[in-house]
Amino acid sequence: MGKEKTHINIVVIGHVDSGKSTTTGHLIYKCGGIDKRTIEKFEKEAAEMGKGSFKYAWVLDKLKAERERGITIDISLWKFETSKYYVTIIDAPGHRDFIKNMITGTSQADCAVLIVAAGVGEFEAGISKNGQTREHALLAYTLGVKQLIVGVNKMDSTEPPYSQKRYEEIVKEVSTYIKKIGYNPDTVAFVPISGWNGDNMLEPSANMPWFKGWKVTRKDGNASGTTLLEALDCILPPTRPTDKPLRLPLQDVYKIGGIGTVPVGRVETGVLKPGMVVTFAPVNVTTEVKSVEMHHEALSEALPGDNVGFNVKNVSVKDVRRGNVAGDSKNDPPMEAAGFTAQVIILNHPGQISAGYAPVPDCHTAHIACKFAELKEKIDRRSGKKLEDGPKFLKSGDAAIVDMVPGKPMCVESFSDYPPLGRFAVRDMRQTVAVGVIKAVDKKAAGAGKVTKSAQKAQKAK
């Protein structure tokens, strides 16, 4: 095997008909984890249904359908390789819960790939005031996805086909537009592609001799290339937060005969090791970690991104639950939040939101009603500048600083300290009505919580 490639996560955004599925399908198809047999099966089905021209998107549709039905499909299907990276597509919009997934998401995307369609009239539709493209790009930026690649797709359907003029016009528009959101266009690779025909996807296109390649300038090193695959190869690798204190939000807690209580979750920051004494917030239970395992193999340490189960002593299944957060009892242990201040963006709420609104935000794995206790100020959503003090209400499109109070004990952190525990989505009326980033947390000084015997022993021994 040699040295493993670095894993990176991307999120693909863009308007409904921009050709996201075809483009993504093409990459997975050509560089991915789908075996020949599956592809032949898909091609045959697509042809039988008269969808021959749709085979790449068909791949993605099949995968999506399985995802929606909750079949845990072979996740390798959502992966592909570049020369430097293993790339996982963590989500593509169009999926009902896209926005929620992007926020509570199993992982933070390292880069967003924005697909815009170059076809006559298509680009204009996708980027119009109420186009989803704006929303998705703004979300990506707000949630800390600071790298962006733009694929100008369907170059084969411009007037005339492969028109340089049309491409340049679009690059100009998109640059203005992403700049308003906060991205610096100089750091963004723009690539003219056809996800369907394969132009500039993996190989330079003979149809666009005028395209001299893309260039990005950034302080961590400049890069240039011709294809979309090369642009993905030039993503700056993420630094995984191993140096921060441990934070592990629980997804489930199992009781396993002969072993005992096994909380399961994903290490978001820090390192989890057997022998560590961990504290669970907000329940304030402290105990020793006996063992840590992933895919049924014992680990000597679990790092950020690892989904693990760990065995804890003298703790019953009733003591800890989904939404609790485990941390190192000696290094900034997690605590209950009495309240928190957040910057929220209202996405689509039919009415007005005023103080007292109490929706149920999804923050990491917690799902607890929180009251908008005070609307402190309305702000400009790009610059963050204050527009108005103490607004009476908020409506769609507004950004604001609000004080929130959880209805039941919960543990959250500020976005700057622990990003995955500091962003949330507010779902209401079957849609995401707002997203938020936590600015500050009012932590409740914990009283004497439950400290198990094994934790006391482990602490004495040290």
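Glycine is no exception: its Cβ is also placed from the backbone N, Cα and C atoms.
The structure displayed is predicted, hence computed values, not measured ones.
Residues annotated as N,N,N-trimethylglycine in Swiss-Prot, with similarity to another entry given as evidence: GLY2.
Per Swiss-Prot, domain 'tr-type G' is recorded for 5-242. If you average pLDDT over the domain 'tr-type G' (5-242) in this model, you get 78.
Annotated N6,N6-dimethyllysine per Swiss-Prot: LYS36 (among others), in sequence order, evidence recorded as similarity to another entry.
According to Swiss-Prot, the N6-methyllysine annotation covers LYS36 (among others).
The N6,N6-dimethyllysine annotation in Swiss-Prot covers LYS55 (among others) and is backed by similarity to another entry.
The region 'G2' annotation in Swiss-Prot covers 70-74.
Taken from Swiss-Prot, the feature region 'G3' covers 91-94, and the record attributes it to sequence analysis.
Feature annotation from Swiss-Prot assigns N6,N6-dimethyllysine to LYS165 (among others). Counting every protein chain shown, the number of other Cβ atoms lying within 10 Å of the Cβ of LYS165 (N6,N6-dimethyllysine) is 11.
The N6,N6,N6-trimethyllysine annotation in Swiss-Prot covers LYS165 (among others), and the record cites similarity to another entry as its basis.
The Cβ neighbour count for LYS273 (N6-acetyllysine), using a 10 Å radius and every protein chain shown, is 15. Annotation source Swiss-Prot lists N6-acetyllysine at LYS273 (among others), citing similarity to another entry.
In the three-state DSSP scheme, SER300 (phosphoserine) is classed as coil. Summarising the annotation, Swiss-Prot assigns phosphoserine to SER300.
Here Swiss-Prot flags LYS318 (among others) as N6,N6,N6-trimethyllysine, drawing on similarity to another entry. Long-range Cβ contacts of LYS318 (N6,N6,N6-trimethyllysine) within its own chain (separation 6+, distance under 8 Å) are none. LYS318 (N6,N6,N6-trimethyllysine) falls within neither a helix nor a strand when secondary structure is assigned with DSSP, and so counts as coil.
GLU374 (5-glutamyl glycerylphosphorylethanolamine) falls within a strand segment according to DSSP. Taken from Swiss-Prot, the feature 5-glutamyl glycerylphosphorylethanolamine covers GLU374 (among others), and the record attributes it to similarity to another entry.
Under 8 Å, Cβ to Cβ, and six or more positions away along its own chain, LYS385 (ubiquitin cross-link) finds ILE379. Summarising the annotation, Swiss-Prot assigns ubiquitin cross-link to LYS385 and lists similarity to another entry as the type of evidence.
According to DSSP, LYS392 (N6-acetyllysine) is assigned to coil rather than to any helix or strand. Of all Cβ atoms in the protein chains displayed, 10 besides its own lie within 10 Å of the Cβ of LYS392 (N6-acetyllysine). Residues or ranges marked as N6-acetyllysine by Swiss-Prot on the basis of similarity to another entry: LYS392 (among others).
DSSP assigns THR432 (phosphothreonine) to a strand segment in the three-state reduction. Sequence annotations record features per position, and here Swiss-Prot assigns phosphothreonine to THR432.
Put plainly, the modified residues SER300, THR432 were compared by Cβ crowding within 10 Å, and the winner is THR432. Each residue contributes its Cα atom, and for LYS392 (N6-acetyllysine) and THR432 (phosphothreonine) those atoms are 22 Å apart. DSSP assigns LYS273 (N6-acetyllysine) to coil in the three-state reduction, outside any helix or strand. The CA atom of THR432 (phosphothreonine) is located 21 Å away from the CA atom of GLU374 (5-glutamyl glycerylphosphorylethanolamine).
According to its DSSP assignment, LYS165 (N6,N6-dimethyllysine) is helical. Of all the modified residues listed here (LYS165, SER300, GLU374), SER300 has the Cα closest to the Cα of LYS273 (N6-acetyllysine).
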